[in-house]
C-alpha cells in the first residue's frame, strides 16, 4: 500500500438538462465503488423498462430515489477514484434542495464541475438570463469554490457531430461569463465530452481528435490539492442529534475546521452547553481524532438529546469557543428577488446547517459587486443584481462566524418565496457571552 490518496469533494453544477446525472453516473459507474451486483440489478430493471438511455443516469436516479426515501445509501456509491484522488460527489444535481445544499454544502467543495449542454438550443437555454448555468457558477464562486472544470457535454449531438466550431463558440461565451463572475478562464479546462457515449470522459476519444487538452479524468487529477484547516480552532456544525441505546446522546456533523478527539471538553454554541467528548466515530470505527472534512458522530456525557439541535456548533471550550451572534455585518448579492429589499426585510438564512430567520436591520452601503467600491451610503433599498453591506439580527439564537476566520460558517443563502434571493459572506460578528449555560459534571472534572 502506498500513501493513501487525498480525498477531494466535487460539486456538479449546470442547467437542468445539461446531462449532469449521466456524466456523474458515468464516472461513478466506471471509476466508482458501485457494487457490480447493484449495477446488474439496475441494468436488468432498465432493460425491462425499456430505458435505452439507461446507462448512467439510471444509476444515479436509483441512488437519488433511495436517498430521498431516507434509505441510507452507502455513501461509497457517490465516490469514485482517479489516479491521484478519492473523489466524493457532494450533491446530486437536479435535487430540489440543490441550491440550498450548495450553500450549506459547498463549503467543502474543492472543485465545481460545470456541465454545459452543447447542442443547438440547449446551450442557449442554459446560459440565458433564466438559465441555471449562470446562477450556479456565481454561487460556486461566491461560496469559495475556487477551482472549476467545464465540460462541453453532448458533443455526440452537436450539428455536425463532434463539432469543433461549436465547442469553440461555447468556450468563448462561457469564458467571458466566468470571467465576469470572478474565475480566471485561462485556468479553467474546457473538456468536450459525451457523458452518454463516454467520449473524453476517461479515455481520449478519436471522435474529438482536434482537441488536445485533458480528458475529464485527467482534468480532475490536475485539481490543486486542497489545504485542510486543521490548525484552526474546532467548528463542527451539527446535522442531527441521536439517542443511541446503551451509548447515549450522539451529535453528528462534519468537522469544518480544527480537530475533535475523545477527552476534549466541547462547548456548543449558541447555548454555551459544555461537556466532555467520550468517543468519536466515523463509518462505525472509533477515531483518535477527526479532521476537517470528516463526517463523524461523537458521544457526549450527561447531555439530553433535547439540549442539542441541528445548527448548533461544537467547539473546543478552551480555544475560541463558539458563541451566539447578537448581530453581524455581511456583504450580500441579490440574485433573484422580484421587488426591492429594504430595512426590516426578514427572510430565512441558511448558514452551515442552521436555518433561521434574520432581520435586515440596516442597509449600510450599496457596493459595486466586481470591485467592492462603495456606490451609495445608507441606500433605501437593494434590488436584483445589487450588492451591499447589510447589518443583520437573528430572530433566534444562532452561531455564525466571519468568512475570513471560519469560511464554512461565514457564508449563507438568503431564502424567501421558496428560492434563493441572495447569497452572502459575513464580514463582522458581534457575539454574546452565554449566561447560566450548563456545564456537565464530566466537563467540570476535566477542568
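Using the three backbone atoms N, Cα and C, a Cβ is placed for every residue, glycine included.
As the structure is a computational prediction, the values presented were derived from the model and not from experiment.
Taking Swiss-Prot as the reference, the stretch among 65-69, 70-74, 75-79, 80-84 described by the feature region 'G2' is residues 70-74. Region 'G3' is the annotation Swiss-Prot gives to one range among 59-62, 87-90, 91-94, and that range is 91-94.
Looking at 145-148, 149-152, 153-156, the range tied to region 'G4' in Swiss-Prot is 153-156. According to DSSP, residue 14 (GTP binding site) sits within a strand segment. The residues of the region 'G4' (153-156), classed with DSSP into helix (H, G, I), strand (E, B) and coil, number 2 helix, 1 strand, 1 coil. Counting only the Cα atoms, the space from residue 187 (N6,N6,N6-trimethyllysine) to residue 14 (GTP binding site) is about 19 angstrom.
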